[in-house]
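Quick look at what TrEMBL lists:
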DISULFID  CYS743-CYS753  disulfide bond
DISULFID  CYS762-CYS771  disulfide bond
DOMAIN    739-772  domain 'EGF-like'
SIGNAL    1-23  signal peptide
TRANSMEM  1031-1055  transmembrane segment
Amino acid sequence: MNKSIVLLVSIFFIIISIPSNLSVLLKSPVYECLKGIVTQYEIDTFSKDASGFYNFCNVVPLIDCDDNGYLNGTVTLIASNKTQGILDPTQFTCLGNFVTLDLTGFEITKTFFQAKLSCISIIYRKIIMNLLIDESVLLTPMPQYQSIEIIETDLGPDLKLSSLQGLTAFKISGSSVKLENDLIGPLNSLAVLELEICNFIDFTNLPKLVELNLTISSCFLGNFDLINTITSFQLFISSENGIVIPLSVVSQTSPKYSYITVKGDVERPTSVIDLRSIKSQHTLSIFGAHSLNIDGRFPFIYPSNVEVKFYNCNISSVQPFSQFGKENLFIYNSIGPGPLGVYNSTNYLVDFSNNNITSTIDPSWCGTQISLTNNQMEGEIPSCFSCYFNAPASGSFAGFPSMYDRFLGNNFKNLNRNLKCTTFAPRVDVYSDTRGILIYGNDIGYEPSNWKIEASSGQLTIVYGKKYLIYTVTPNMYANSDRIDIEFSQPISQVITFPTRDNYTFPIVLSTIFQTPTTLSINGEFLSSYMGYSYQSIKVNGVPCDFDSTSFAHVNCTFSNTNDFAIDLNVLQITVGNLTSNYYIKIQPGFLNNIQCPNNCNDTIGICNLSTGVCEVPYYQCLNNCTNSNQGICDSSNGICSCEIGKWFGNDCSSAYHYISSSDSTTINGGEISLYGFFGTKHTDLSVKIGDQPCLPIIFNSSSVIKCNAPKGSGIKNVTITQNDYTYVGNNIFKYINPTIECPNKCSNNGNCNTTTGICKCFSGFTLYDCSAVINTNGVGNGNGNNNNNNNNAGVNTTIDTGSGSTNILDNQTKFQIYFKSLKEIDFNNNVVKEYPLLKNWSFNNTESKESNIYEFKQFINGTLNGCIVKTIIEEIKDEKGKQFTFANTSFIVDSGSIKFTISITNYTYQSTLNTLQLDLISAVDQINKNEDCNTKNTEIDTTNINDQSTFSYIKISKNNKILAGRFINKVISDSRPTFFSTTSKTDSNSIIITLNLPHCINECVVDPDFSVLVDSDFKNQCDDSNSKKWILPVAIVVPVVVVSIIVVVLVTLYKKSTTIKVILHATKLKKFNKN
C-alpha cells in the first residue's frame, strides 16, 4: 500500500569535513553529472558565472572537493520552489565516490531504501516532500549504510530491531513507533539509536549502544521497568504530553550507563533517596522536572563521583550541600528564592546561574569554582574571588566564565575590576618524599597552571583556591635548597621567595639601621616569607613597629615614637608565624648594626648584639609574647607565660575561659538565639548545645556574641559551649517560651487571663495576682496611701533598719519582716564556694540624692579582688496615679504610696567562670501580741505559684487576716542585657527563703520583685460588729534589684472609719529596729 507522506531520511555516521580548495574545478564527468541534477531539478543554491559555468567547489559548505577535482566529502542539494520530479538513486552514481549526501525538499522513489547507493557512505536528509514509500520500510532490513535518520509524521507504527542489522546509527523523529525485539542474537553493530516510542522493550540484545535517545510519545503504554535492561554510555529520556517519568528512572543504584539526561516531569519522591552506592563515574542531567523535590529540597544524596545538572526545575534550597557529592554541579533556573548558605564540599565546578538566590556569599564558597550570574544576591563578594576580577577566563575549564563575569546580574557592592587585593598570602611546603611542592594559603587563586616554578611538570588540585600540589620534573631537586622562587601572575605579577625547610625559617637579621629617628630598615633572610599570612611582628623593647614594606630579605617599618628607647642594648624581636629571633641593636639614626656573632650565638647562652658582634645576656621569648602581652605576662628567664587568672589559658594565653552572662529565649519551636558573654578571639572546634541537643548552624561568633539556631524543645535547659578544648556549662540559663501560659489559679474566675504573659486582669472589685481578694468600695481607700480617715485603734508602723537593711511592718499584733539574708557564689555542682551575709553593715547616705523621697544605702563586700559594692536605693512613690517603670522590656505601674527598692552588686570577682551568684531573700511573719481576738489566725504560706515558665512568680504569707504577697519578674538584667533566671524557695512555719539564681554577670545584675501587703477579706474592723463589711486594699512595694534585688513591704491596715499609715523613710524619722 502506497501513500504520500513527509519524510526526513538521514543516513548519518560521522561527517568528515575536508576544507575545499577554492581554486580547484570538478573533473568534467563529475561536473556534467552534478550540473545535470542541478539543471533538471532547478536547484538555485548554486550560481553560474558570466559564461554560464558552475564553480561547485567554491560553494562552501555545500560541496567538498579534493585537490584532484573529485567530490570527497559532502554533497548538499536543496530543492527550490520550482523543483519538480522524483529523485532516483541511480542519478547519483555518476558523481563518483564521496562520503555524505544531504538532500532537502525532494521527492524520492518508494524504492529509495531498497538498495544502497554504492557511491556514498552517509545520507543526511532534512525535508522530503511527497515521498512515496512502502509502509513496510521499518519491517524489512535497511540498506547497509553507516547511519540512517528518518524525520516523518506518518510512518508505519512498527519497528523490528532485525531491520537495523548492519547499521551503526539509526534515528527516527516526528513519528512514533512501536518497538519489536525480534533479534535472535545480539546486534553488535548498532551504536546510536534515537526513537519516539510507544513502548519499552528488552534492550539486552543491544549491548554496544553508545547513545540511546528515547522520546516517550503520547501513545506510550509500556513498562518503564525495562529501562534496567539498557546498557549504553549515554541515555536520553524525554517525555511528551505531560507523561510523568517514574522516579526509578533517575534513582537506579547500579546504572548501566555513564550519562543520563531526562527531559520532562519526574514522579515526586516521598523521602530522600540515598544513591551513594553508585560506584561508577556518572552524570545526571534533568530538564523541567518541577515535581522532583521534597518540600522544595533536593531529593537525592549522591556519592563523590556523580555530576549533577538541573535545568528549569523547582528547588528552594541547595542545603545541605554535602548531598551533591564532589563532582561538578550545574543548577539553572531552579533555585530560590532563598539564601545560598554555606559550602562544605570539594566540588570542581558549581554553576548556579539564572536562579533566584538571595543573601550574601559565605567565605566557605572560596573552596570551589562558582558562578552566580543573574541572581538576587547582595553584600560583598569574598576576597578569594574579588582578587581575581582582572583574571581571564579559566583555561582549565572551557566555557566557564571569567571570575568577574561569574557575579554579574546581582547587587554586589564590590563588583569592580579595579579593586586592590590586599589579602593574597601564599605559603609553600616541600614534601619530604620529594613528590613536589605544596602551595597553600589565603586567596591564592584558582589557576596554578599560571604560576611559574622551575622544572614543574603539572599540578594536582587538593582544595580549590586554597591548596595545590605542584609536581617537579627532577626528583630531589629542592633537597639541598633552603628557598624557592615562584612567579605569580595574579592578582599582581610578582616573584616571591619561600623557605623550603622548617629549620631554615627562623628570621635571620644581617643588618639594621634607623634611617630616621622612627623608621627602621632591616636586611636579612626569611624576614617575611608568607606575605602576611601568618602572624608577623617586629618589636623593639616590646614596642611594635608598623610595617611599611616587607619581603624575604628586607623589611621597612615605622615606630610611633622612640623617645623611651636607650641607645645601647635594645632588644629587636622579629616573629614570622610561630618562629621568633632576638637581637640586641644600638638605636641611633644612621648607625649600622651589622656585626655578626659567631654562629649567631647558637653555641653560647645569649643573643647576638649586632652593634658589637658579642653574645649578650640570655633572653627567652614566650610563645606569641603571651598573645601580645595583653593576656599574660612573659617570664623571659624561662619563656613561660603567666596567663591572667580566670580569663585566659594555654601556652600563649590565647584561649579564653569563656562564659555566658545572658541569653535570648526562643519558642518551643526553636529558632535563632544569641548568647552573650566572653568567648575570646580563638574558636577552635566551637560547638554549642541547648540541653543535650546541638545548636546548629552556628550563624555568627565573636568575642562577645554567639548566634545559632536552637532546636525545638521546652522548659529550662543548660547551655554548653565547647571550644579550644575547654567546656563551659551554664546551669538552667536558657528558657523555651511556651506560646500559652496559664495564669495563677486561673484568675480565681474573677478576671481574664493573658495567656501570652500568664498575668491576670482582674474584674472590677477584685485584686491580688490571682484576683482572689476583694476591694472595698465603701469609701475606705483606694490603695494609694491617701486615705484621710483617722482611727486611733491599733495603728500600723513601717520601719527601715539602717543597720540591718531589713524592712519591718507591724501593728499591735503582727509583724512582717523582709530582708536579704546573704549573697552566695555557687559552683557548677550547686555547692557554696563563698557566702557573704547581707543583713548588717549597711551605711545610710542622706546627701547623695536631692529628692526628698529617694534614699541610698551602701555596703562593701569584704574579700573580693575588685572591691565589690552593694548599693540600695529606696524610692517612695508619690504620684497620685502611680508611676510606670520598665524592667527587662517589661512595663508595670507602681501605685502611689508604694516603695520601690533598687539594689546593685558591682565588680564581683568569681573563683571560676563556671560559677554563678545566688541571692537569698527572707520573708517572715511573727506574732507580737499574744492576746487573741477575732482576727487571730495561724500562719499560712503559699509558694505554689513560683513558675519559671510564666512572666512572674508569686509567693504569699497570711497571718491574722493580713497578707504579704510577693511578685518576681523571671528576668534579670545581666551586664546590661535582659536574660532569664530561675527562682526557688524553702519554707518553715513562719518564713520563706526565696533564692534568686543569677547568671555569671561581671559588671552588674538587675532583678525586679515587688511586694504588696493586704488585709484579708475576713478581717473584722471591730470584733463585736458581726455585720461589718468585708474589704481589702493592696499597697504595692516594688523592688527593682540591680544585680541582686531587694524587696520592700508596705503594710496598710484600713479600718471602716480610720486607717493609720506610717512609712518612716526620712532620715530624721528612721527608727532602728533592735533585735533582742
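Keep in mind that glycine also has a Cβ here, set from the backbone N, Cα and C atoms.
Known features from TrEMBL, placed on the structure.
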residue : record         : CB count, 10 Å
CYS743  : disulfide bond : 24
CYS753  : disulfide bond : 19
CYS762  : disulfide bond : 19
CYS771  : disulfide bond : 24
Query raised in the report: According to DSSP, how is the domain 'EGF-like' (739-772) divided among helix, strand and coil residues?
Result: 6 helix, 10 strand, 18 coil
Query raised in the report: C-alpha of CYS753 (disulfide bond) to C-alpha of CYS762 (disulfide bond): distance in Å?
Result: 9
Report task. Work out how many Å separate CYS762 (disulfide bond) and CYS743 (disulfide bond) at their Cα atoms, rounded off. Result -> 11
Query raised in the report: If you measure CYS743 (disulfide bond) to CYS771 (disulfide bond) at Cα, how many Å is it?
Result: 10
